[in-house]
Amino acid sequence: MSATASIPTPVQFAAMASSSDPGDHPGEWGNMTNARDLATQLVLSVTLGMSALFSFCLLRPKWKELYAARRKRRNAASFLPELPDSLFGWIPVVYRITDEEVLESAGLDAYVLLSFFKFAVRFLSVTFAFATLIIMPLHLRYAGQWGVPGWDHDDDDDDGDGGQSLFARDILLGNGHKKFKSDPTYLWIYVIFPYVFTGIAIYLLIQETNKIIRIRQKYLGSQTSTTDRTFRLSGIPTELRSEEKIQEIIEDLHIGKVEAVTLCRKWHELDLLMEERKKILRPLERAYTKHLGYKQKRRYNDTLPLVRGSRDRSPSVHSEATEHSQLLGSEDGRVPVRTKDKKRPTTRLWYGPFKLRYKNVDSIDYYEEKLRRVDERIIAARQKDYPATDLAFVTMETISACQLVVQTIIDPHPTQLVPSLAPAPADVVWKNTYLARSSRISRSWVITVVISFLTIFWSVLLVPIASLLNLDTLHKAIPGLADLLARHPIIDSLVRTGLPTITISLLTVAVPYLYAWLSSLQGMTSRGDLELSIISKNFFFTFFNLFFLFTVLGSASNFYGFFQNLQNAFKDAATMASVLATSLENLSKFYINLIILQGLGLFPFRLLEFGSVIMYPINVLYAKTPREYAELSTPPKFSYGFTIPQTIFIFIICVVYSVFPSSWLVCFCGLIYFFLGHFIYKYQLLYAMDHQQHSTGRAWPMICSRVLLGLVVFQVAMIGVLALRKLIARSLLLVPLLGATVWFTYFFAYTYEPLMKFIALRSIDQDRPDRNNGSNSDDSISPPSLLSPLSGLDATLSISSSVDVRLVSGSRNMSTRIFRYHLTGLGCRAVMGRL
């Protein structure tokens, strides 16, 4: 019988479903229930996705201040093509934007993220072709399995057509007594295709890595900024904590001349004063706004309904302010209007025992006096000599000298005089530069303990979610709910199909915020390193809790039996592989539903920026001053630490299922996921969202290592498949592949990762005339693709130019102080300390 002879048409399948009675054919009815679950998930996801897409297409031309905020407020994005106002006309324009334009506008980090999506699309395209043309027909002919939930033969349907299940569903309960029908030809796919897919994945990975390295070396090697000639020196002994001694040590290495040394000091007192100044500045601006008034001028159609915007730009803060200058400019379509004989605002001050008495004072005079006093304290604090820390930033005269230093072991003592590449000033977390090394180490250990505790907590939380995937478990845990679902098939499909996938999707959105907060407490001195730490922590949560533990929990039909047999399952590697293979086959429907929901349902919702839209009316209610209104139009932040782990998780699922009966369906859903994801993130990174944390593409080695981890899990699962069929000899044929993949992981880390961290000396452009002249390096323009534009400074200049706040009191001009405060907020601590 041919492989296509038994293929039912959709009409025949619908007829079978309508003519079957659940009581007469319980096995077939269970299969049809699974098919209905898949159809329910597909309908819900498509409905959500299409409604979100049409809503975005309708709102995008009307709310350009939100959906094209980055292009309007970032200089590096201004050269991008203007998107038409038609309903779908923006789609081909975004699609035609080249990689070079992505680099110039969004930077290396955005380019790396989009490169991973393109890598996944190419790999899944090849995998889907193999799965459709070879793997699925073989499964259909020899096992009667389509790979579509509800279309496959059940375990009890022994019709002589090869319909027995491929896996022992009761292995975790000790009931692995079922005998399997093996076919020597058919089962070779579990040996051959792991080699094929692993080879394709590694080939595409190396190809993409070489491309990223070539681009990274080209752009970073042509830099002219001070940041590229500066390295960070940590672990400085107490006796060497002076600029002169550090310069002498570096120059004694005969690598190059030192241009400048900035030794970090304990600026905690100064930080507290600046925070106090910030708290005074806001109410002073509000008092002036209330006193002078703030009238709406006109509204444009490209802003949100509560925004009254004007396209006119107010003068920059760099313009000369005089005694008669306006406090409030005419930015955002608002102009100050002074009402005659209007009373000045007052502030209530509480005093006396237990603060029971109060008096009203003039708000403007009160906050001006507080601002004057804190400014005097800041000026006095700048003149103090603060104790030095064990961290310094050293600027060399040439980039080649800087690269030689960071790749050199300076001191024979461990953790002493350790050089590393310096982040940009706006990327430095200055409050962490004066943390002691012991404090950083203790914080790291505490965070590790907290994450271990959270791992156990998430595992317990996943138990009731996993129980929804198995009706037997649900009947023992909550009999009433199980009976209700059994009587109402539609509700059963919604609850057992939609609820687990939605819950898992919400966890992947909410938990990263917690891990990001924990990472911020570790004391890292660079926001780029902080972002990489968030990627690592969130991937551990996603992979371990949402994949590994959830796979094991979801496969057990009796949790008591599961915990009794879990210890036996981990006794040897063969049993572990068998457990993994069994669990993955039973959970194929869940993971298919998850990819469908993530790709078709939730991805389009990212375009709407739902969180920003919801929070906007709340922020408008509290906005009073020009600065606060300007901040309403600040682009929302894009976090790579929230995005990359989830996409790698989906990719690993697609790789693991690439040879299973449902391989073609999983790969097809994954292909849609990554194709839509590439387009949506491309739009957000270029037009809509800001991304301030920059690691110059160093996330790519982390992505590669986790892709290789997914290949290892895939190979272990294939070994488990063959072990279940008692084909030990064939399973051993995959052991060399497993060893080769592990070896390649170390080879990749040793060979390719240094090129993703450092700049090769041959890549540095030595012929440029400004290489040996550091005096003009700061004035030269670096390729914007180093970090993407300096978003923090860009944002400050944007707000400062649109909010021309000049506080004039008597003969004092405070505009310079306000702008200096902005620079301090960006982290220009070294400059501030020398003023």
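Any Cβ shown, glycine's included, is placed from N, Cα and C.
Model, not experiment: these values are computed from the prediction.
As recorded in TrEMBL, the features of this protein are as follows:
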COMPBIAS  309-323  compositional bias 'Basic and acidic residues'
DOMAIN    443-721  domain 'CSC1/OSCA1-like 7TM region'
REGION    306-339  region 'Disordered'
TRANSMEM  38-59  transmembrane segment
TRANSMEM  119-140  transmembrane segment
TRANSMEM  187-206  transmembrane segment
TRANSMEM  445-466  transmembrane segment
TRANSMEM  498-518  transmembrane segment
TRANSMEM  539-563  transmembrane segment
TRANSMEM  647-680  transmembrane segment
TRANSMEM  700-724  transmembrane segment
TRANSMEM  731-752  transmembrane segment
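When each of 38-59, 445-466, 700-724 is checked for Cβ pairs under 8 Å to the transmembrane segment (647-680), 700-724 comes out on top. Within the chain carrying the transmembrane segment (119-140), a Cβ under 8 angstroms from the stretch's Cβ atoms is held by residues 3, 6-7, 146-147, 186, 189, 193, 196-197, 200-201, 204-205, 208, 647, 651, 654-655, 658-659, 661, 663-664, 667-668, 670-671, 674-675, 678, all 6 or more beyond its ends.
For the transmembrane segment (731-752), the list of distant contacts is 191, 194-195, 198, 202, 209, 213, 574, 577, 701, 704-705, 708-709, 711-712, 715-716, 718-719, 722-723: same-chain residues at least six beyond its ends, Cβ to Cβ under 8 Å. The average pLDDT computed over the domain 'CSC1/OSCA1-like 7TM region' (443-721) stands at 81.
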